[in-house]
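*Asks:* According to TrEMBL:
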- 1-84: domain 'FAS1' (DOMAIN)
- 91-224: domain 'FAS1' (DOMAIN)
- 228-359: domain 'FAS1' (DOMAIN)
- 363-501: domain 'FAS1' (DOMAIN)
């Protein structure tokens with residue numbers, strides 16, 4: 001017993017009230033009672049809350065029933081492991097109890113700003129509210145807390161993550177479990193530490209609660225969420241992206257990340273920076289204009305989360321005239337051919353995605369790249385043959401239109417595998433050559449990092465469907481192996497293959 005309850009027991013009148021609070025004027029056999037039921041007691045106006053849990057534990061006012069259903073001549077006896085305190089129960093609703101606690105005034109203000117106070121008063125559903133104390137919330141950065149308290153959307157998002165649509169009793173927590181909150185796709189983790197004390201999101205929590213007419217309130221010394229009201233810069237600091245944050249500061253863009261109204265940041269990991277060329281790294285660390293140019297291509301001018309990213313989407317970057325291209329392959333997401341690693345972290349002014357490589361604006365087209373590389377001379381001749389036959393305009397490659405393409409570019413060696421006679425016949429048949437070249441181009445960007453290990457994908461090329469697979473790191477297109485991956489250009493991505501990807505009728509005839 002706590003000191004207040006112990007002192008009350010020393011008073012005859014109070015002791016009688018406490019005893020009456022332990023008695024229900026009817027026979028209660030637990031297997032005949034539903035979960036989450038309020039039971040009237042002999043202590044006028046006060047009730048007990050009975051609950052059942054999947055762990056087979058049953059509680060009364062969140063106190064564990066140790067032995068139950070002992071049938072006597074004049075009633076039923078249940079043995080519990082703690083004294084029930086009538087002072088822990090109130091006929092008031094959740095909002096009234098929170099409003100009357102001076103230590104919970106900030107959360108009370110959030111309820112008001114979010115316009116949720118009325119719905120919490122009137123709900124018939126039993127809720128559990130994990131209320132951070134004022135002291136806990138004052139540990140948030142002051143500008144972040146101020147944003148939450150001044151914004152209905154941010155306040156509501158914060159509050160919803162602290163409300164669970166089910167009665168949670170800590171005595172019923174015997175193993176790790178995740179309880180859904182009222183916020184979309186948000187769960188609160190309950191577990192036990194080595195001493196069997198219950199933790200919430202890894203933080204110790206005392207069994208200090210208040211029962212109301214429509215739920216349970218826990219006063220906690222930490223917030224369950226700290227993302228609301230954070231700027232993009234604060235999110236990156238929280239994620240430990242120290243290298244990128246340092247470059248942002250060198251570029252003089254810290255205030256942009258704090259105050260720009262709608263942005264998406266594709267922030268490279270610290271490991272990504274360690275993989276950079278040392279001279280290039282030195283350049284952007286020592287030259288603010290170079291740092292600015294570097295950072296600009298990692299920022300999009302609108303908020304994008306996983307929910308509104310789709311394959312082939314583009315977003316304008318802070319680099320003038322440059323767009324960021326987004327990819328989605330079987331629920332794996334990428335930007336400019338680089339994998340987006342973690343779930344989006346959303347702040348008040350934008351979203352942050354973590355990427356595994358630094359991003360560079362492409363400066364060369366597919367046409368220029370293959371023309372400058374002697375290994376692709378036969379591919380270049382093949383494209384010029386087809387273009388000269390089927391297009392009047394020979395100033396650019398017909399095959400290189402658009403921004404979202406994947407080119408499986410065969411080397412000269414791949415062509416010569418056909419043999420001299422077959423190669424001659426092929427270069428004298430533009431129609432057949434076009435079918436083969438069309439088989440090497442898909443109108444979407446397919447980065448190797450988004451192709452799952454031991455996975456196969458059917459990909460529509462400009463000619464037919466081919467099979468793209470990843471066998472323990474060995475990437476294949478049909479029977480052709482990809483020997484060089486993810487070369488980004490202004491109009492798409494190049495994978496170099498060691499064999500021609502022949503149409504099906506050709507493979508059947510061989």
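Using the three backbone atoms N, Cα and C, a Cβ is placed for every residue, glycine included.
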*Asks:* Take the domain 'FAS1' (363-501) and average the pLDDT across it for me.
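*Replies:* Overall, the domain 'FAS1' (363-501) comes to a mean pLDDT of 90.
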*Asks:* What are the DSSP helix/strand/coil residue counts across the domain 'FAS1' (363-501)?
*Replies:* 52 helix, 41 strand, 46 coil
*Asks:* Just give the helix, strand and coil counts over the domain 'FAS1' (91-224), going by DSSP.
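*Replies:* For the domain 'FAS1' (91-224), the helix, strand and coil counts are 48 helix, 33 strand, 53 coil.
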*Asks:* Using DSSP, what is the helix/strand/coil residue split across the domain 'FAS1' (1-84)?
*Replies:* 20 helix, 29 strand, 35 coil
*Asks:* Quick check on the domain 'FAS1' (228-359): DSSP residue counts for helix, strand, coil, in that order please.
*Replies:* 48 helix, 34 strand, 50 coil
